[in-house]
């Protein structure tokens, strides 16, 4: 049946799920995906606030004095570990929050985890806005990080479990879309508050409470996922939740039966999810849980997002122009995510990896070439070349959003079997946040040490990760969650680990 959402049934045939793109499922998924706002807002705010003179004067006066004088090496002007700790500390605590959430999400449900995450982020925003010293900043960052960890662990899985299979990629990409929207809004706010002397930075940090409140309100009005409710034995509530998101009058019998079967398979194989994912038959999922966050960080996008205003100032733009460049970067992110959400469920995931990888590689090499040739000791880059770097950064940002930016959340959110879903997603998000911490803490030192070679470092990894995606990431377009095992079992390499199954747990001969 063309365009339908199907599941291989126990007889080897195809079961057609009812329902489609209904108002309830759209509203539910958008309210859940709004949690991405807090990710994007913090990424944008951190880089911009660390550029504000009033913020530096209060917390990092030594660095402000250094930037006021000519420096022999422009690559090293902003290399200050205390300043980068302001950004990176959030991601260390985010990693802790993700691991905590993955331990309790099965008992509490996805919805409760998202509520807790939004509440912690809200508290952190208020503490940061009132910060009187570096210690208060770090406490606020700790609360923000725990909030990010909880919401990042639960939200993509929530979207994967609720969205109709035919449009799952597009719905999961709503999460990185909201990240991009949050990033854009943060940079617009930074652009305005940078003109407020003395306390503009407080307004930037305090307004993080707004996306946190949006997330809390959204999570409060949506049902938990049917899979999560079934795993906790609440079958009637699970059926009601599935009927609510699929729409009244839609036949949910086949889909609900498969959710029950998947949950029963998980119970028959009851074992700690983290221990289970280490077993041989789950090797592909473990590899994906590690490879995706590692490769995501090796694109170089995290440091571009965190420090784009600083990077633009390094190549010769003044403060206002650098902040406006970061705003345009946010617009490019949104454009890339929207294009990706449209394309991934029509043309598949692999095409996005190939196009995005090629464009990002070209941009990194271009930036390295220009910066290496025209940025020297004690000098600013000529205006024309600085504009070229800016354009390359914009294209890079859109290419990232089109590929790894959207697919990092989509593919790990959809591939894991229900019995290891919380562990797989938790491990992937925790590792990503841990690597965000290392990158945020080390990038300015890396830029100081390697100079333009830092961009060539990321370019080389783009070749590796694109080849990995083409060879080892199965195409999952339109495949129901409960049928993902079949995709891996038929893969040229992963088939040696995952056995073909007729139905949850019965190996075929």
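Even glycines carry a Cβ here, placed using N, Cα and C.
Note that TrEMBL annotation is computational and uncurated.
What you are looking at is a predicted structure, and each value in this text was computed from that prediction instead of being measured.
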TrEMBL annotation (transmembrane segment) - matching range among 259-284, 285-310: 285-310
Range annotated as transmembrane segment - as stated in TrEMBL, picked from 21-41, 42-62: 21-41
Range among 230-252, 322-344 that TrEMBL annotates as transmembrane segment: 322-344
Feature transmembrane segment in TrEMBL, mapped to one of the ranges 351-372, 417-438: 351-372
Stretch contact, the transmembrane segment (322-344) with the transmembrane segment (171-189), Cβ-Cβ under 8 Å, 3+ pairs: yes
Within the predicted model, mean pLDDT of the domain 'Major facilitator superfamily (MFS) profile' (28-477): 81
